[in-house]
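Annotated features, as they stand in Swiss-Prot:
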| type | residues | note |
| --- | --- | --- |
| DISULFID | CYS33-CYS77 | disulfide bond |
| DISULFID | CYS44-CYS64 | disulfide bond |
| DISULFID | CYS50-CYS71 | disulfide bond |
| DISULFID | CYS54-CYS73 | disulfide bond |
| SIGNAL | 1-30 | signal peptide |
Amino acid sequence: MKFSMRLISAVLFLVMIFVATGMGPVTVEARTCASQSQRFKGKCVSDTNCENVCHNEGFPGGDCRGFRRRCFCTRNC
């Protein structure tokens, strides 16, 4: 009887440790809104060029997207 109580206690303790490690602080990311660049001309090949144009338009970032490779500027909503 003592052995089974020790075993149950040990298993319960290990389960609690396992569950507690999965319950850390959760980070929440802001949604990202995208709009097509008004000043970018031509096919978007380089994300760096797109991002530079978007910075000039007042956006914090930008990248090339889609089949037609258009430049989209991004910001947090």
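Keep in mind that glycine also has a Cβ here, set from the backbone N, Cα and C atoms.
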* **Those disulfide-bonded residues of CYS33, CYS50, CYS54, CYS71, CYS77 having Cα within 10 angstroms of CYS64 (disulfide bond)** => CYS50, CYS71
* Asked: Going by C-alpha distance, which of the disulfide-bonded residues CYS33, CYS44, CYS71, CYS77 is nearest to CYS54 (disulfide bond)?
  -> CYS71
* **Pairwise Cα distance for CYS71 (disulfide bond)/CYS44 (disulfide bond) [Å, integer]** => 6
* With an 8 Å cut-off on Cβ-Cβ distance and a minimum sequence separation of at least 6, pull the same-chain contacts of CYS50 (disulfide bond), or say none. => SER37, PHE40, CYS44, GLY62, ASP63, CYS64, CYS71, PHE72, CYS73
* To do: Provide the three-state secondary structure of CYS71 (disulfide bond) computed with DSSP.
  => strand
* Can you see whether DSSP assigns CYS33 (disulfide bond) to helix, strand or coil? => strand
* In this structure, which of the disulfide-bonded residues CYS33, CYS44, CYS54, CYS64, CYS73 has the fewest other Cβ atoms within 10 Å of its Cβ? -> CYS33
* To do: Fewest other Cβ atoms within 10 Å: which of the disulfide-bonded residues CYS71, CYS77 wins that one? Let me know.
  => CYS77
